[in-house]
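The active site, proton donor annotation in TrEMBL covers Glu385. Annotation source TrEMBL lists compositional bias 'Polar residues' at 837-853. Residues annotated as domain 'Beta-hexosaminidase bacterial type N-terminal' in TrEMBL: 61-193. Marked as domain 'Glycoside hydrolase family 20 catalytic' by TrEMBL: 196-557. Annotation source TrEMBL lists region 'Disordered' at 1-22, 836-864.
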Amino acid sequence: MKFSFLPAKREQGRNRGASPRPRARALSALTIGALLATSLTGVIATSAANADTASTSPASPQIVPLPVSMATSAEESFTLGSGARIVVDDPSAVGVADQLAAVLRPSTGYALPVSQGSAATGDISLVVDDPGVPAAEGYKLDVTHSGITVTAANGHGLFNGVQTLRQLFPVWIESRTPQPAAWTVPGVQISDYPRYGYRGAMLDIGRHFEPVSVVKTYIDEIAAYKVNTLHLHLSDDQGFRIAINGRPELTDIGSQYSGGTSRASDGTTNADPGGFWTQADYVDVVNYAASRFITVVPEIDSPGHNNSIIMSYASAEAQAYKGGAIYDPSINCSNKKPPVWNLSNAVNYSALCPDSPLTWQITTDIIEQLSALTPGPYYHMGGDEVSTALLPATAYQDFITRESKIVKAQGKIAMGWNEIGEAPFGTDPEMPQGVVQYWGTSPNGSGGDSGRTAVQKGMKIVMSPANKTYLDMKYNSGTPLGTTWACTCDIDVFYNWEPSTLIPARTVGGNTLPAVTDANIIGVEAPLWTETVKNLAQIEFMAFPRLTAIAEIGWSPKAGPDHPDRTTASFKVRDAVQGGRWQARNQNFYATPNVPWGLDLVAGDRSLSDRNTITGALATLAAPGKALGALTATIEWGDGTNSAGTLSGREGTNQTVNGLYTISGDHTYAGSGVYEAKVTVSSGTATVTTGFTVNATGVPACTTTVTGTHNGPLTVSSGVTCLDGATVNGPVTVRSGAGLYASGSQVRGPLTASGAVDVLLCGTTVSGPATLTGGVRVWLGNGNGDCAPATVTGPVTVTGTTGQVIIDGSTVNGPLVVQNNKAPVVSGNHVGGPLSCTGNSPAPSDNGVSNTAGGPKAGQCADL
């Protein structure tokens, strides 16, 4: 095999994959009436594998995050077939295999069973072994024409390899419904592992409550880009979101509202209610994340950003709650006494009093319970934006010191925002190990000193500079969501920064504070604060595509000469392909004009149910950010005629990307036949073309219907004769240009057809030889569920058919000869004698379901 590191050429034309048709489950014989009922729709979609896909994206793999090493081979592409399995060599890989199957099954329609053992040709193999890469999360991915192998030392590495594998398939693999795509992936050899061990995303459900289902969806979306940490901001001034045993007031009072809620003088509220998770809900999220190899980091912000806690104990509502049994104003060091709800975006107005015993009773209960529910190593204390007018510096430092020791007692690593570095980490022997999350915006000057001071104390750093990672910042001045205090920042700003050089050393008054380098940094995180974000669609809109930039910074090697594709230009090309994937799985995002979004088109082959008229949807288009009016579609019908296609679908809004578009058309063919058609879509700057086959030899109306018993020979000279549960006691002859459709019937004699338009035997038995020559279409069963297998007690010869030949799941008691036909399907049959195939073009296929024969298999059927 040959693997190449050469740059890929842009491919804009047809990219037709050769893939065997999946065999459908056998059904009982249908009546003629049921078979003809399909004519009401005009078009029958054939199997997903009989399809074309095309893309304006470069042909080489476009993967985010960029792998450490990737070589490609044009000769080693692999097409996933309907008979493929996902094979594991170790029980520990079964969970990852099941997740891969859950992605692949809906779009392909394939069974893809997960099994343990040895892989065969055509399988996907997940192997637990040393992949030869340095990091525990690393993997090796090999694709050849015979199969796919992902190798890793553990399940996490396999999971990461599977995320890369998903991006090798056409974008339609992400669809939750069957798609007519050829599931071909390029030949590659990838060795890959992460730069940083901590690659995080933060979701604030304190300001705006989100149900478990939303967070699970977000987990799936970030896991696809190898993010391995979910930081959950579980409380803020506007709401407390997790039940604490023994303290129902924290949720009964503290979780009532969400940020931005209007609260009338009569106590009623409108829009955007609050809410909270039970501990079972939280555990559910933790376990769901763990199944995607994501560690949850819980945060209860303190001593500031906690008006919801203070309101639960020191407010008039608390005084009225349970007869005032829990009322204790000593907890309140805020600027309002008594405290009041402030559901705006204001900060710096709340603080817990460090001198109140209740403060530490509550804090201890929260830390103990959340730590017990969280298997990950970190507990995030928050610690940001506490006004010195509320807590002087020494009081703040004492608070963080005491809280961090409670965290240490639970076996967790204390984590917090910049400000916690002011506490005596590294100097107090009773202090735990600490991690500072840097969120500053001016790292070169004094704004970076919190990071430098933390490094000087031996603390580790998670890099989250707000003007480069905060997903709640507006993309531009016209973005309807988000804020601008840190920046208005699109994809370039999120990608164009380097963690290890962001905070250089600085000398102040003769004292040099150290730089923050990779020796101190454990990773990066993209926080999403929800002052203006209320639901999943808005979360997705603000997060994507910018989150993928942070994912690449966290995973991929540092930019430099050894990694020429680790550039903004390369990233935006690779990220553009993700747009089609997001559209295919109905995920919202912002189709920023700063990313060169492409066009992805898929069209399935068609069989016409009324012989010569095609109507309705023909192709599906992913065109992120493109309005319908900016697109044109042309259909080449394959008979020398063209017409404009009709584009339809959901347009985008200022908060939602457009949906997938459908290309429809109507055409009547002058005569029966098999036509190679094309759909072309142009956006003015890009053009994509894909092909599809139209089999205009579909089921016609019956001119004569035979039921009951017919004694003597039956000759079909013209038109279409349908046998519907009939018995013919004698030979049947079908003349040139005529057709025979037999459903659930018996022919007690030989069957002969010469030049017939159709001979379809569905759930029918022929007692004698069947000799079928020079026709247009032959079915002995069709594998699509609308024609059940047939039985012929004598020899069968099918020669010179110009259209479709399908012999699927049927029984032939004598020899079966298939000669000089077009692309016959000979699949899953039992042949009592020899099976011989010669002169067929293309050669016959068995769709991954082999035939059994009582005699030798010869010629083109030797391996079927």
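Cβ coordinates come from backbone N, Cα and C, glycine included.
What TrEMBL says about a protein is an automatic prediction, not a curated fact.
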Any residues 6+ beyond the ends of the compositional bias 'Polar residues' (837-853) with a Cβ under 8 Å from its own?
20-23, 81-84, 122, 783, 816-831, 859-861, 864
Long-range same-chain neighbours of Glu385 (active site, proton donor), Cβ under 8 Å, sequence gap at least 6?
Gly304, His305, Val347, Asn348, Glu419
Going by DSSP, how much of the region 'Disordered' (836-864) is helix, how much is strand and how much is coil, in residues?
0 helix, 9 strand, 20 coil
What is the number of residues in the domain 'Beta-hexosaminidase bacterial type N-terminal' (61-193) that are helix, strand and coil, as DSSP sees it?
36 helix, 43 strand, 54 coil
Where does the mean pLDDT land for the domain 'Glycoside hydrolase family 20 catalytic' (196-557)?
95
